[in-house]
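Annotated in TrEMBL:
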| type | residues | note |
| --- | --- | --- |
| TRANSMEM | 12-31 | transmembrane segment |
| TRANSMEM | 37-61 | transmembrane segment |
| TRANSMEM | 68-90 | transmembrane segment |
| TRANSMEM | 96-115 | transmembrane segment |
Amino acid sequence: MQANDVRVLKSAAIPTSAVGVVTVLVAFLAAGGKGALGAAMGALLVGIFFSISVAVVSYAARVSPQMMAIAAMVSYLVKVLAIMAVLSAFRDTTAWNTQAFAWSVVVCTLVWTGFEVRAFVKTKMLYVDPDAGVPGKGDA
């Protein structure tokens with residue numbers, strides 16, 4: 001994983017972790033222990049899924065820069081489908097409060113996405129290859 005990717009991951013993971021703790025506290029106050037467990041599971045789900053997505057895009061960019069956009073779109077699609085599958089699989093669970101779980105997923109997803117966008121905007125990345133030669137000119 002490149003330094004820029006680690007920076008983006010940290011820039012999104014740290015605020016999401018802080019918001020995850022807040023969602024656990026709010027859910028505990030609102031729904032007790034089951035609410036706190038649901039919120040913790042939701043925050044953990046978002047953290048794991050989004051971290052995997054950053055790692056996949058980073059790997060794709062290193063292997064083939066042209067595949068980075070495709071890897072990002074595919075990992076996003078898989079991530080959304082997987083989160084929907086998990087939400088529907090645990091819809092009727094009694095182990096935790098499902099509303100706290102769902103709200104935690106929504107809030108942590110919004111925070112992660114917002115801070116990931118912010119990190120990408122602030123990251124200075126080259127859009128051209130500075131070592132590339134002028135097309136049509138031989139090595140003279």
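Cβ coordinates come from backbone N, Cα and C, glycine included.
The stretches the transmembrane segment (12-31) and the transmembrane segment (96-115) are in mutual contact, each linked to the other by at least three Cβ pairs under 8 Å (pairs 6 or more apart in sequence). With a cut-off of 8 Å between Cβ atoms, the residues of this chain six or more beyond the transmembrane segment (96-115) that come close are 11-13, 15-16, 19-20, 23-24, 27, 30-32, 34-43, 45-47, 50, 83, 87, 90.
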